[in-house]
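Contents: one structure, followed by commentary.
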Amino acid sequence: MTKRVAVIGAGPSGLAQLRAFQSAADQGAEIPEIVCFEKQANWGGLWNYTWRTGLDENGEPVHCSMYRYLWSNGPKEGLEFADYSFEEHFGKQIASYPPRAVLFDYIEGRVHKADVRKWIRFNSPVRWVSYDAETAKFTVTAHNHETDSTYSEDFDHVICASGHFSTPNVPFYEGFDTFNGRIVHAHDFRDAREFEGKDVLVMGASYSAEDIGSQCWKYGAKSITSCYRSAPMGYAWPDNWEEKPALEKLTGKTAHFADGSTRDVDAIILCTGYKHFFSFLPDDLRLKTANRLATADLYKGVAYVHNPAMFYLGMQDQWFTFNMFDAQAWWVRDAILGRITLPKDKAAMLADVAERETREEASDDVKYAIRYQADYVKELVAETDYPSFDIDGACDAFFEWKKHKAKDIMAFRDNSYKSVITGTMAPVHHTPWKEALDDSMEAYLQN
């Protein structure tokens, strides 16, 4: 009897899984029946932009955390698919920091070519997953918004690829409830032009704080104040951008910081991170981990140690993205196809997790972290037939990216890198990022 595999989510990780199975089928392998459940009306996950916030057209929590004018905050050379280059997709090499629409088109191009859309049930959020140890089957309950019906089906494996950047972590501070300006989490941030002429407080010191603050600066915010809990971002910011230690409270429109300083602000943007949140999973199947490189309870970073018939994709903190999701998806595919044997001993799988955590914690150096994840990708690629690519070259692109950011945080996107797939150097974009106000694909591809 043919196995059945449920994939939850048709974002970059879920699409990688579909592509992995399609690749095996193309080579003559007998693959399971694949059903991918996607809550949105289209694929792409976070990259599927919507103007909506709060609830979507079906009354479901909006998944998208993307905003207008978003450009990649890392070089595309670090995420390029090994089996589908940017040059193949666009017919030429493109600059190194594409806007969201360009990356979405690239993601979509590969899965169109692979013809995997037939496996996806759109507008179909998963409501619940359960496991029966006697039958060794998962029961997945989903809702079809097109027919307004709820149904259940059984599967041999479940692959959770729902992501972990869609459920915001929203803190409360004294004075929030009486602040007369706008308070918005990064998840619901959509357009930097809303903050033109305003004094903006950006709470957080990670990538979303850096990028959203930069967007607001680019599109005319009067000033940016960013605050941090542990360490400042520390870049050479423009004159109207200041970093402060942790926010303590608000009185009226005045923000009070841990160093005793104050700042009047018109709007607050919470770049305070996201939660691993799986409302459709019972406690015994639900991953519980911090956002880190070595995820808790996942053997090889993907197989759930408490039930290794279940897998998770893309749950790590990420330097590598699309190509790491591919490496994971190919590995999971081969585990399901019986090409890779999982340890039968749970203790052995937990030991693997512990060893990865120990190695991650050995250094807090950024280069070490990048190399750590690169070694993880190499490990998975070596165990499958995923096309090998220059992973060390991708690391070099990341290292150069960090240098360029330190040199000029508002101009790092004007640099170019060499493709680790084709070896072609990216052209310099026709317009400096600070001046490129049109983020459309048509404008971007005019090189």
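Note that Cβ sites are derived from N, Cα and C of the backbone, with glycine treated the same way.
The FAD binding site annotation in Swiss-Prot covers S13, E38, Q40, L46, W47, H63, N73, V126, Q318, T321 and is backed by experimental evidence. Feature annotation from Swiss-Prot assigns NADP(+) binding site to W71, N73, Y173, A205, S206, S208, R229, R413; the stated evidence is experimental evidence.
According to DSSP, S208 (NADP(+) binding site) is assigned to a helical segment.
Residues near R229 (NADP(+) binding site) in space but far in sequence (CB under 8 A, at least 6 apart, same chain), listed by position: A205, A246. In the three-state DSSP scheme, W71 (NADP(+) binding site) falls into the strand class.
Neighbour density for S13 (FAD binding site): within 10 A of its CB lie 27 other CB atoms from the protein chains shown. Counting every protein chain shown, the number of other Cβ atoms lying within 10 Å of the Cβ of S208 (NADP(+) binding site) is 24. Here the Cα atom of W47 (FAD binding site) is found 11 Å from that of W71 (NADP(+) binding site). DSSP assigns W47 (FAD binding site) to a helix. If you take the C-beta of Y173 (NADP(+) binding site) and look for same-chain residues 6 or more apart in sequence within under 8 angstroms, you find L247, E248, K249, L250. In this structure, the CA atom of Q318 (FAD binding site) is 19 Å away from the CA atom of R413 (NADP(+) binding site). When the alpha carbons of Q40 (FAD binding site) and W71 (NADP(+) binding site) are compared, the span between them is 22 angstrom. Annotation for R413 (NADP(+) binding site): same-chain Cβ neighbours under 8 Å, separated by at least 6 residues, are W71, S72, S96, Y97, H429, W433.
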